[in-house]
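K.L.:
Pulled these features from Swiss-Prot for this protein:
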type	residues	note
BINDING	G176, G178, K179, T180	ATP binding site
COMPBIAS	99-109	compositional bias 'Basic and acidic residues'
COMPBIAS	110-119	compositional bias 'Polar residues'
REGION	73-128	region 'Domain II'
REGION	89-124	region 'Disordered'
REGION	129-351	region 'Domain III, AAA+ region'
REGION	352-472	region 'Domain IV, binds dsDNA'
Amino acid sequence: MSNMEQDRWSRVKGRLRSSVGEDVYSSWFARMDLESVHDESVHLSVPTRFLKSWIQTHYSDKVLSCWQAELPEVNRVDLTVRSPVRCAAPAKEAPAPVESRRDEQRPSAERSNGATPVSANHDALGGSPLDPRLTFASFVVGRSNTLAHAAAKQVAEGRRGDPVMFNPLYIHSGVGLGKTHLLQAVTWAGNAGTERKVLYLTAEKFMYGFVAALKTQTSLAFKEALRGIDVLVIDDLQFLQGKTTQAEFCHTLNALIDAGRQVVVAADRPPADLESLDERVRSRLAGGLVVEMAPLGEDLRLGILRSRVVAARTHHASFDVPQPVLEYLARTITHNGRDLEGAINRLLAHSKLNNQPVTLEMAEHEVRDLIRPSEPKRIKIEDIQRIVARQYNVSRSDLLSSRRTANVVRPRQVAMYLAKTLTLRSLPEIGRRFGGRDHTTVLHAVRKIEGLVSKDTTLSDEVESLKRQLQE
């Protein structure tokens with residue numbers, strides 16, 4: 001891809017991100033690549049059929065309009081599925097780019113030597129491809145991911161017959177913070193010996209496998225194969241759809257846990273927030289060890305950048321990024337690890353294709369679209385309940401209870417009001433999180449507090465104080 005096409009593609013992605021929002025973009029478009037632009041058509045690719053189908057069904061017009069804003073003559077956007085190349089084992093001599101997903105785009109200079117490497121992963125059982133770069137050796141540990149890394153390492157080092165400590169192990173975080181890296185590291189390490197069978201599946205792969213088994217009347221064999229696994233690793237659980245598929249996943253989860261087998265799951269939110277999942281599944285997932293991977297701190301971002309430079313030198317020995325440039329990138333690119341990976345890839349491509357050393361001026365120009373304004377803090381209902389309970393000297397269990405004494409009712413109403421105004425949760429979801437109340441109770445509480453804060457200055461000050469505490 002030429003520099004002009006790269007710039008054009010960056011502008012189109014920027015329009016698309018602005019149009020659909022960061023969450024939607026990260027979920028559906030982050031792994032979409034530009035293959036070519038020819039006359040009036042654009043050729044894009046994604047790594048899975050599921051992504052292709054979803055984007056074509058829900059966003060094809062939006063993608064086309066973003067391209068037409070850049071190139072008015074474009075009248076067609078073709079979307080295809082990239083075919084990964086399989087290989088046998090992780091490349092031990094090459095440290096992986098940390099925090100990157102398995103389908104991360106690589107610079108054109110690297111792609112010329114082959115597609116992103118992936119590995120066979122119990123193909124007979126329909127395992128998802130593995131990236132040999134995503135191992136424990138290449139994972140950079142920092143304060144935000146220490147617990148998740150330690151728990152994953154403990155799971156990976158277990159032996160058949162050992163007591164299972166964390167079951168299921170549930171890891172959640174925003175996109176690009178290293179969940180997939182840890183899950184694939186568990187799979188690589190677990191399969192390094194011959195003692196245990198470890199299977200890595202994305203949620204969409206689980207869905208496709210189960211639906212295909214139903215169509216071919218081989219569902220019994222599918223179930224037996226899954227339940228014969230020692231460690232089942234499921235990624236991107238938020239994409240698990242369909243009542244029948246969710247029921248089968250729940251049965252598999254129960255069967256494995258009851259048999260003392262290990263289950264490891266990752267998603268982009270905690271179990272309680274997976275509103276599309278059956279309550280039984282959420283409850284079982286919440287019963288294990290739930291670990292959040294927090295956003296990357298500056299020190300960890302710097303470590304990731306250094307690791308990526310070391311990895312790039314495996315194929316480009318002369319590649320170097322000066323320390324001031326690394327510090328600039330770590331300070332300004334704060335969103336996730338994929339953006340850090342992309343920044344190093346851009347500098348590598350620009351340096352090699354133009355035969356120029358990396359400078360701070362070059363970096364400022366090449367990564368300008370990766371520097372995003374600070375995003376508001378994501379506030380959780382649990383945080384609201386905790387801070388409101390502390391403010392009014394009641395317990396969180398009081399807020400969730402059926403008690404109707406005055407010293408509990410008002411704090412509960414304030415907490416519901418804050419949940420409605422500071423989060424994107426629906427009224428039924430807020431009610432469920434407050435002891436199973438219905439949406440009319442929440443609506444009454446919201447209207448009650450809205451009416452009071454306009455008249456009662458003491459209450460108004462209390463509510464503003466709570467908002468400040470939650471947003472700090």
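Glycine is no exception: its Cβ is also placed from the backbone N, Cα and C atoms.
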K.L.:
With DSSP helix as H/G/I and strand as E/B, how many residues of the region 'Domain IV, binds dsDNA' (352-472) fall in helix, strand and coil?
P.N.:
83 helix, 0 strand, 38 coil
K.L.:
Going by DSSP, give the three-state secondary structure for K179 (ATP binding site).
P.N.:
helix
K.L.:
What residues, ordered by sequence, lie under 8 A Cβ-to-Cβ from K179 (ATP binding site) and sit at least six positions away in the same chain?
P.N.:
I171, H172, S173, D235, A266, M293
K.L.:
Given the binding-site residues G176, G178, and counting only Cβ atoms in the protein chains shown, which has the most within 10 Å of its Cβ?
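P.N.:
Result of the Cβ crowding comparison: G178.
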K.L.:
What mean pLDDT does the predicted model reach across the region 'Domain IV, binds dsDNA' (352-472)?
P.N.:
88
